[in-house]
Structure formats: structure tokens, C-alpha cells
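Visitor: Below: one structure in C-alpha cells.
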Amino acid sequence: MKLRQSMAGLHTWGGLLPSWLLFVIIFAGTVACFDKELTRWMRPALHDGVVSSLGADDVRGWLQQNVSEELHAFWMHGPTEREPYWRLGWEVDATKTIHNVAFDPRSAQAEPMAETVGGEFFFKLHYNLHAGDIGMYIVGLAGMFMLVALVSGVIIHRRIFKDFFTLRPKANGQRAWLDAHNLFGVVGFPFHLVLAYTGVAIFVASYMPAAAQVSYSGNVMQYFGEVMGSFEREEVGQPPPAPVSLDALIVESQRQWGGGEAGWVSVHHPDDASAVVDVRRRDRSRIGSPQDTLSYDAGTGELLNRQDASTGYRAYLWLAGLHMAQFGGTLVRLLYLLMGLAGCAMLVGGLQVWLAKREQRGDASVVWVRALNASVFAGLPLASLALLWGNRLIPAGFAERAVAEGWVFAGAWLLVALWSVLRRQQGRRLLREQLLLGAVLALGLPIINALTSDGHLIASLGRGDWVLASVDLFLMVAGLVCAASAWRLNTTPAAAAARGRAARIQEA
Amino acid sequence: MLLLAFALAYLGMVLLCLTMNRHRGVLLRADARLPGATILRLLAAGCFGIALWQGIASQGGEIGTVVWFGLVMLSALLLVLLLAWRAHWVLPAVPVLALGGLLQGVS
């Protein structure tokens, strides 16, 4: 009994305090399952599904013409099924700033598309909260708390098999929410455990850097190079010869691999005679695709190195791959999406149990927790919808367009948070109004999409473009669910009053 | 093929559910006769096993196993949600899912 009691305390507090943060991480990760589809929706230039006919040399040509600073490196990725366009990124040597550009697939010349944060916004929110290295550490800490909460949760659950199929929505508030929390936690347990563990493992070298720092006397890059079996060479300080064609190197790589697709193509210190071209293989048929990278001399095209990843690194890639769900196509991403939603439901359920318990004791300070709940659980989805509205309504030529989209998201979230705090005493009404707002925002998006681009639902369905149509369809379903929930909340006050206290607990 | 695997996983969950008196009373009439709990559990394990085999056959060992885990978890969620709000849909859902799976396999 002693163990169970101490674990109950740990589960309650170790689970409660990071749960709002975990909701942000899990929700963002869930949306990020379909980040590339969302990006396509957010870029009207991609709506008609044209695949870019540019080559790697055209992209490099654009870079040479438009960027004059000396570069540390640049990297590019060709069109794929989910992203039918060229992407380019570069790091300026002097300032270490990183820039990204995506090229319009409809254009015969390299021409950048209007800036947008794209679906990647959610991916970044998922792993570092847009707060750089500090955010990454915060997320890692939250991930470890999630592991603690999962294990302690199993220990304190007395009837894990007996209650496996139990959900009693008509029971009193605390009981019903505890059932829901248990259901989503226990049934989704393998998923939550594996995803929390692999999520923490991805940045393990940053979270636990001591061993590598000591063994390699502070030279961590050497450690990474050796583990990954990648190739580096020092700059020689001489101007480069005329570079060989990147497209030719991609073809050569495919010949070396005996077929297969090229993924990222990167060039290190391109303005130096020591420039190296890395061509990485893209393999979606496995969980941990081996980073089979070929390194060439940028001037002569001579093959310098064939990456040979160590066994440890392969194991790492497998764990990271299992987390990132880039294998198995739409089916796996859909499964991850649904299980991610189950994770969100688990968090919401757990918080409701905590609230219901304290509300029964007549604790007055729970309204603040309820306000926090509303600001996060309603605020984040509403802000995400606002981000998509911003994406459609900010003009294409707007300077720093992606930054503006980010501010729309942040501003909308702050407003919802403020709203939740001001209305903290009227939880039920607040929830209903937030659901209504969600319905309006979500149902409006397919309409605004139709008004501002050619990729509206009827057009995309007519072309059989289910990928693009599914974003609109998902928004419509989400909007209808919000509207139906708001309507139910509106029509049941009499029943709720009869149930008295229990219903008030359920509402927030 | 995978809808059929989902149907099998769901059937396995239903069989496990029927071993518990609490749920059995909701799903079946009181005089319905069923094999013993051990046999039901073995049948359920068989369903999960065939579903796993189907996942592996269609997606390969690594990815098939991951997909199977996902399908099993989701089938349990579907069952519990139906059980809580639409209990009389629980049993008819088995043939409906299986039929869908067969149609998906044929087309």
C-alpha cells in the first residue's frame, strides 16, 4: 500500500503540473502528423498539384544569383509525393542565420513562393515550442515527466484489466472523468510510452551530453561525425573551381545505390576549394532508414566517402524513425493522429479528475485552474485555426509574412487566455462560446480557402485530390463537432441542473 | 486488407469483453450460452494473431507490427466508446467491419 500511496502523490502532482505543457506538445505533434499536407493547403501555389520540373542546378543557380554572402552550407530537397516542389535552405557563414525558401512548382524558372510558416510550425512547436535550445530542454523535461506519470499511473491503477472496457459517462463527474482518463491512458498505453520514450531519446545527446563532452574533450562535432560515419573536411581558404552539376551527382548516387531516391542534397562551405556535396538517400520503406549518404568533391565530382553508420546510430535512427512516423504512408500517420488525439483526451480527463475532486471539497481556487484549462485546451486549437485564417488573409506580398502568421497565432492565443481568465466564474458559458467560436473558425476556413485560391473543395474533389480535400473535410468535421457540442451544452441546462454538482464539475 | 485486420482486432476485443460479467449482461440476453472464459480468451488471441499476420503480410514485419499495435489500440477505443453510448451497435459492428474488410480486399 505504501508504494501505491506515494506513487499516487507522484502521479497527481508530477502529472498535473506539466500537463498543460504536455497538451501543447501532444496536440502540436498530432497536427504535425500531417504537416506536409497542411503546408500544401497553406500554399495556394501547390493547390493544383503540379510537380516541379526544376533541377538541383536551377535551385543552386537561384541561390548564386540572389544571395551574395559567404555561406557555411546550403541544402535542398527535390519534389516528393507529399511535397511536389523544391525546398532550399542556407546558413550564412558570418551571422550563422538560417534562411529557407520554397520554389513555385508551376514556374519553369526558380521562383520563390509567398512565405508561410507552413505545417512545420506545429512540428517546431512540438519539439521546441519555438524557443530554440531552451524550448528543446523544456520539452525533454516534460517528456520525462510524462514517462514518470505513465509508469506511476500503471502502479496506482488497481483494476487495470477489470476496468479495461469500462466507461460510465452517466456516473458522477469524478467517476466518469476517471474512467475516461483510464481508458485513454490504458488503451493507448503502448503508444504513449513508446512515443514519450522515443521523443526523449531523439535529443538524448543534448540532454545528456557529459559522456561525449569528456570522451572527445569538448569536441562534440567529432563525436557526431564518428557516430554517424559522416564525412567532413577542413576549409583550405582557396577559391573553389567551377562546381560540377548537382543533378549529375544525384543520378550518379542513384546508380551507386542501384536505384532508390535522393533526399537531401547539401553542400558544405560552397565558397571554398574544399566544398563537399552530400547526397542522402531517401527511403520510406523502413522505420529507421539508414542515412546512406554519399559525399563528393564539389569541384571534381570524385566520390570521397560512403557513409557507414555505426550499429548504435542505426538503433538511434530506428527509435527516432518510430517517433517521426515517416514510414508506412498515410495509414501510419492516420493511426498516429488518432492515438495522439487519445493522448490529448487522456490529459484533459486527468485534469478533470483533479478538478472534480477539489470541487467536491468546495475549494474556491479551482476556478483559476479552470481558467488555465480553458486557456490551453481551448486556446491552442483556436489559435491554430486563427493561424490558418491568418495564412489566408495576409496578402501574398506582405513583408515577413511568416512572422506575421506567427503573431496571429500568438495574439489569438493570448486573447483566448485573457477571455478565459475574465470569464472564469462562468465556465459552462465560456466553454459553449469557445466551442461556437471554434465552429465558426473551422467552418469558415474551407469557405475562405475557396474565396482566396483555386484549390477549393469542389475543385480538389473533382480532381480526385484527396490529400488537399482532406484538410478542408477535416476542418468541416471539426467545426460540425464543435457546433454539435455547443448545441448540446445549450440544450441540457435543465438536465444539468437536476444533476446538480456533478454537471458543474463536468463542464470545464 | 487492413480493415479486415481491424475487424479481427475488434472481434478479439469483443470476445475479451464478453468474458466479463459486467459487460456480458449489457451485450447479450441473460439466457445466451457462450463458451467458457478461457476459450473466449484463446479465440481472442487467435483473432489478434491473424490480424498481426495480416499486418505483416501487407506491410512487412517492422511496419506491419507498428500498424497492428495501432489497430488493436483503436479497436479497443471504438469498442469502449460504443459500449458507453451505443451498446446495441457493438455486436452488429463485427459483421459490418468484416464485410467492409472483405470488400476492401476484393477491390
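Placed from the backbone N, Cα and C atoms, the Cβ positions cover glycine too.
Not my notes, these are from TrEMBL:
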TRANSMEM  A:12-32  transmembrane segment
TRANSMEM  A:134-161  transmembrane segment
TRANSMEM  A:182-208  transmembrane segment
TRANSMEM  A:334-355  transmembrane segment
TRANSMEM  A:367-390  transmembrane segment
TRANSMEM  A:402-422  transmembrane segment
TRANSMEM  A:434-451  transmembrane segment
TRANSMEM  A:466-489  transmembrane segment
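In the displayed structure, how are the listed features positioned relative to their neighbours?
Guide: Same-chain neighbours of the transmembrane segment (A:12-32): 38, 119-120, 122-123, 125-126, 129, 138-139, 141-143, 145-146, 148-149, 152-153, 195, 336-337, 340-341, 343-344, 347-348, 350-351, 354, 372-373, 376-377, 380-381, 384, counting only residues six or more beyond its ends whose CB sits under 8 Å from a CB of the stretch.
Under 8 Å from some Cβ of the transmembrane segment (A:367-390) lie the Cβ atoms of residues 20, 23-24, 27-28, 31, 41-42, 117, 121-122, 348, 351, 354-355, 404-405, 408-413, 416-417, 420-421, 423-425, 427, 430-431, 434-435, 437-438, 441-442, 444-445, 448, 475, 508, all in the same chain and six or more residues away from its ends.
When Cβ-Cβ distances below 8 Å are used as the criterion, the transmembrane segment (A:402-422) is approached by residues 115-117, 121, 130, 371-372, 374-375, 378-380, 382-384, 386-387, 389-391, 394, 430, 434 of the same chain, each at least six residues removed from its ends.
Sequence-remote contacts of a segment are chain residues at least 6 beyond its ends whose Cβ falls under 8 Å from one of its Cβ atoms, and for the transmembrane segment (A:466-489) they are 34, 37-38, 40-41, 47, 49, 82, 385, 388, 428, 431-433, 435-436, 438-446, 449, 455-457, 460, 507.
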